[in-house]
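Notes follow the structure.
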Amino acid sequence: MDVGELLSYQPNRGTKRPRDDEEEELKMRRRQAGTRERGRYREEEMTVVEEADDDKKRLLQIIDREGEEEEEEEEPLDESSVKKMILTFEKRSYKNQELRIKFPDNPEKFMESELDLNDIIQEMHVVATMPDLYHLLVELNAVQSLLGLLGHDNTDVSIAVVDLLQELTDIDTLHESEEGAEVLTDALVDGQVVALLVQDLERLDESVKEEADGVHNTLAIVENMAEFRPEMCTEAAQQGLLQWLLKRLKAKMPFDANKLYCSEVLAILLQDNDENRELLGELDGIDVLLQQLSVFKRHNPSTAEEQEMMENLFDSLCSCLMLSSNRERFLKGEGLQLMNLMLREKKISRSSALKVLDHAMIGPEGTDNCHKFVDILGLRTIFPLFMKSPRKIKKVGTTEKEHEEHVCSILASLLRNLRGQQRTRLLNKFTENDSEKVDRLMELHFKYLDAVQVADKKIEGEKHDMVRRGEIIDNDIEDEFYLRRLDAGLFVLQHICYIMAEICNANVPQIRQRVHQILNMRGSSIKIVRHIIKEYAENIGDGRSPEFRESEQKRILALLENF
């Protein structure tokens, strides 16, 4: 290595961390040349530094002058220049590989070629500004060559490749050229990019800042590709990413940006994906999530970022509980006990714990969890939350409506699934203290009935205007209106009316009389409640088998006979 090489050095255009001065630039060059061999060849490096220091002023003048000339003479990026760049990359990659094979124990022999390889990788960042030319990366086999370098012996090279791939797959860039994005994504998926990235992740040391950045950029590649092509999430999880994410989450390391990013990517992989949910369960992922969340049962997150990670983990857990097999794992892992404890501790985690319990107990698959919840004295926890919505919930981003929605859904699930002694214990709660819980139920009923009636009036006005303009109200528009009504409060109201029907069919005269008494006092009618429950029954069972849908509708409508 000589002064000529230093003169020919081009700044790292792709790096996200600009260097402050020439001295820092030289240090970075030495690190990229061979971090792992630094100890053995420190003497040679010192010689280079001395040469640089001797000619520092002259070097800076020449570099500044050449930089100005380059700006003036720089050619616009086109197919020809990209092809030339890719050819240079292939040559330098091959040369470095050849020298490493020829001189495996003499880094000074291949150090220069590694510098050259790193330089051209940095120059290739400019291709990310022209996604229309991505097809050249595929046609000239550059993508496969880049993927091959993910396993390079020098992690500095693999990190440089990861940084480049992250920029090439930036979601905003991908949307600029759908065709170019498709070609690049196909090539990356065909080359099993995630499997190679995971292998690279396994050897990175996050105590080294550059390698920690490499981990972050790797996760960004996965996020970018998952957003552009959601179906690749299943393959990504099966190629070892899900297992690595779980391992990284439970690693005994201080909270950092990478742990937050891991929680985000995990939530993405599990979204609407039963295969990944099942795989997580098989990898003991439910236990990992519960262990990580247990930290927040008595302590609030210390930062906004840590709170975001906590919410991501809760979202992942809720997503997994959509699968019945994971509800069994949740039960065995004492997830109910943890969530119940969080409800009692009144920390920030309480709102999310309530959502988890809702997911764990809903539907016939939640029967075992419902019974266990009563056994661990969960009724003592849930009914105070039913009687009064906490004042502090707005501070943690949860609305009063969301809180009441989850509580009412849990009570509806308990009434649906409980049998025997546990059901009796639940019904007795509605007779305590002069039926105060029935009074609260009716208070919520009128609150949400009013909200839904306001929404219905607005929707009817919109329908009238559409008819007047000659527009057709098709099924899609009707579905949209129904979703708006659900969001306005119909979803909560349906659960409230279902609870009313269940407790009035419980052969407890005191409860039934109180419900009818309050309805009459408010000038309301059983007909309104029946209409709401019928509408609820008609729309139940979405995504389930026709047999379940039919039997559930019959069961719900049967409740109206004795209401």
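The backbone N, Cα and C atoms fix where each Cβ goes, glycine too.
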> Of 16-33, 538-555, which span is tagged motif 'Nuclear localization signal' by Swiss-Prot?
Replying inline: 16-33
>> At a 10 Å cut-off from the C-beta of S389 (phosphoserine), count the other C-beta atoms across all protein chains.
In response: 16
>> Cα-Cα, whole number of Å: S545 (phosphoserine) versus S389 (phosphoserine)?
In response: 36
> How far is it from K91 (N6-acetyllysine) to S389 (phosphoserine), counting Cα to Cα, in Å?
Replying inline: 67
> What does DSSP call S545 (phosphoserine) in the simple three-state scheme?
Replying inline: coil
